[in-house]
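Novice: Take a look at the following structure, please.
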Amino acid sequence: MTLRQRGAFFYLFLFLCSRNAWADVEVTMHKNIEVYLGDSVEIPCQYKFYEVDGVPKFVMIQWFVVKNAVTRARARIYYGDDQHQVVDGDTEYTGRIQMTTDQHGTKLTIKKVQLSDQRNFICSVNGLSDGTMERKTYLSVFAPPEAPIIKAVQAGISVTNEMPSTVAACQARNGFPQFNITWYRNNIPLVPSAGRVKVWTGETVESSGLYSAHSTLEYKVLKEDKDANFSCEVSFYVPGAIRTVESISVGITVHYPVTMVELWRESPAGLIKEGDTVELRCQGDGNPTPTFIFSRAREDGADEDLDSRGNVLMLQAVSRRDRGLYRCRLPDGTSHDDVKGEMELNVHYLDPAVVVPKESEAMLKGECLTASCNALSSLKTSMVWYKDSKVVGEGNMLHLQDATYETAGEYVCEVTVPALPTLHTNGSVHIVVHGGPQLVGEEQEVHLKAAVGKTVNLSCEARGHPAPRITWIFDGCQNWHEVFSKSGDHMTHSVVSFAVDSDISAICNTSNDFGIDVRAFNIKAIPLVSSSTHFSPAEGSGVIFVVIILCLLLLGILGSVLYFLHKKGKIPCGRSGKQDISKEKTAKDDIVMEMKDNGIAKSEDAVLLNAVNGDKNGTNEQ
Ligand SMILES: *[C@@H]1O[C@H](CO)[C@@H](O)[C@H](O)[C@H]1NC(C)=O
Ligand SMILES: *[C@@H]1O[C@H](CO)[C@@H](O)[C@H](O)[C@H]1NC(C)=O
Ligand SMILES: *[C@@H]1O[C@H](CO)[C@@H](O)[C@H](O)[C@H]1NC(C)=O
Ligand SMILES: *[C@@H]1O[C@H](CO)[C@@H](O)[C@H](O)[C@H]1NC(C)=O
Ligand SMILES: *[C@@H]1O[C@H](CO)[C@@H](O)[C@H](O)[C@H]1NC(C)=O
């Protein structure tokens, strides 16, 4: 009989009520009593004498323990009668038991129950002639084991292993009687089955007599076990019941092959342009994470492997040459060829704008010109033309019609990509308008009146390209000089100044390669009678008067001739008195200086006559 077979999880209150035919005494005991290790336990033993009205003359009570279940060898541990109650000395119970006795029975109390106390205790009642009988109680001792300790295998377990692999080990110590270990996966018991689950259990008896057990779980791992929880549980008997204690849950590392690979762009978001740094990432569903090989499909169809770091491929400063089909795959031979990630990478670009005509273009006045602006791009572009920061056109064509000098200037074509605003460029063309001089202002002839002695400014401004030359032709006066001169890309401006001493006619002759334009000025001198004293301090220098008279005379004659000729539109070129300002400037300046030294030039009362706003009456005296 094993302990387990004798064990029971219910109390036996079976009183044996049978009566021996030859005995007049009846002894009653529990068949089994269960107790925790270390506790105290009471084992009662009741008796009754029938023939002597329940009260015999002499009763002797002895308690024995069975020392050997096979030989049934027994040892007495207690003796009691009318006179003596003796706990036998030198037994394992000496000092550990107590006896309580009354008329109907006796009760054995064992303190600090030990494992060795699991045995039969015999109560023997002897009334000599009144009868003799003995009964026994089996004492069962229980010690719950410590909580089980589980340890999962640390290394990864591959699903490709053909046989079940060791997954975890479980240990529970110091229990009594023997106990069981059960394995659980996600709280469902794992029942051993061929090729799937195998459990190895071992049991040891500690020096204390308590049992310790360990169990190893072998298990055929599947991919879904990567998230599974494994635990073990001990089940053990306690007085009247079975109890269980579970270990903590542990997970295992499952190694499984890659079945799917994904390749995607991590950054930047949106459209990619040349110069961007692009980060591609690859991820597979396998464990452990494999090292991927990145490649790009070349034009000829072959894959070109690329340098990558882990599962990241960085493409620095991409260009349009980096466009194409990118792939990531596992090292050759580790998986099927079709397990790979793919993605198309597009890199957008915008080439520098090309404006036709290039750089600089000359137009003739009145001409038309269409300029075009083109910038090669992978995306739709939008063009706006600017001149002097003002929008002058949209689209890739710019039409310049009927060119004037205002048409001249810098035209910038600004190219943008609406879908990718960070892409933009520009190009420009410089338009030059060629044409003959064109004087600013309407009049062909300007008539002025000025008081004698006053200083008069004549202004002449002409548009044209190349910049017109301005030549002044004075009749009857040699004291004029240029006080202002400016020449730009499309204009020339000259102001001359002189003191009025008599009627003067002057011609502003502007010319360039494309033509000429002239304007005549007629200045009528108004004699100043009251201020003639101004001239008296001229120290009687008759020369001045002679000059003045000569001037007046010459002016009179030449003026009428010029006027006559001019009216007929036939001013002859290269007349005497003509001065090319640009060539004879220094000489003229000298003249001015000389005249000033003579005290003739008077500049406080001067009139600037701007031809643009020129007054028909011509005189503007301050
Ligand atoms: C495993 O245990 C963890 C924590 O104990 C829990 O969050 C998880 O849901 C469990 N998994 C399963 C499949 O029961
Ligand atoms: C241990 O397992 C055996 C065999 O399955 C069973 O008979 C016994 O009752 C179990 N003991 C406990 C304490 O669960
Ligand atoms: C044209 O492009 C140049 C160089 O890219 C830039 O410096 C300039 O500001 C641009 N001009 C305009 C009008 O956008
Ligand atoms: C004006 O200048 C041009 C070029 O120098 C010359 O050919 C022309 O004759 C001049 N006209 C007059 C009226 O002086
Ligand atoms: C004539 O022009 C000169 C130079 O621009 C200027 O200094 C002077 O004041 C002007 N004279 C008159 C009368 O406008």
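Cβ from N, Cα, C; glycine included.
From TrEMBL, here are the annotated features:
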SIGNAL    1-23  signal peptide
DOMAIN    23-140  domain 'Ig-like'
DOMAIN    145-249  domain 'Ig-like'
DOMAIN    257-346  domain 'Ig-like'
DOMAIN    352-416  domain 'Ig-like'
DOMAIN    437-476  domain 'Ig-like'
TRANSMEM  542-565  transmembrane segment
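Looking at the shown structure, can you explain where the listed features end up?
Specialist: For the domain 'Ig-like' (257-346), the DSSP-based tally of helix, strand and coil residues reads 3 helix, 42 strand, 45 coil.
Helix, strand and coil residue tallies for the domain 'Ig-like' (352-416), in that order: 3 helix, 39 strand, 23 coil [DSSP].
Taken residue by residue, the domain 'Ig-like' (437-476) breaks down under DSSP into 0 helix, 28 strand, 12 coil.
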Novice: Could you tell me the mean pLDDT over the domain 'Ig-like' (23-140), as a whole number?
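Specialist: It averages 90.
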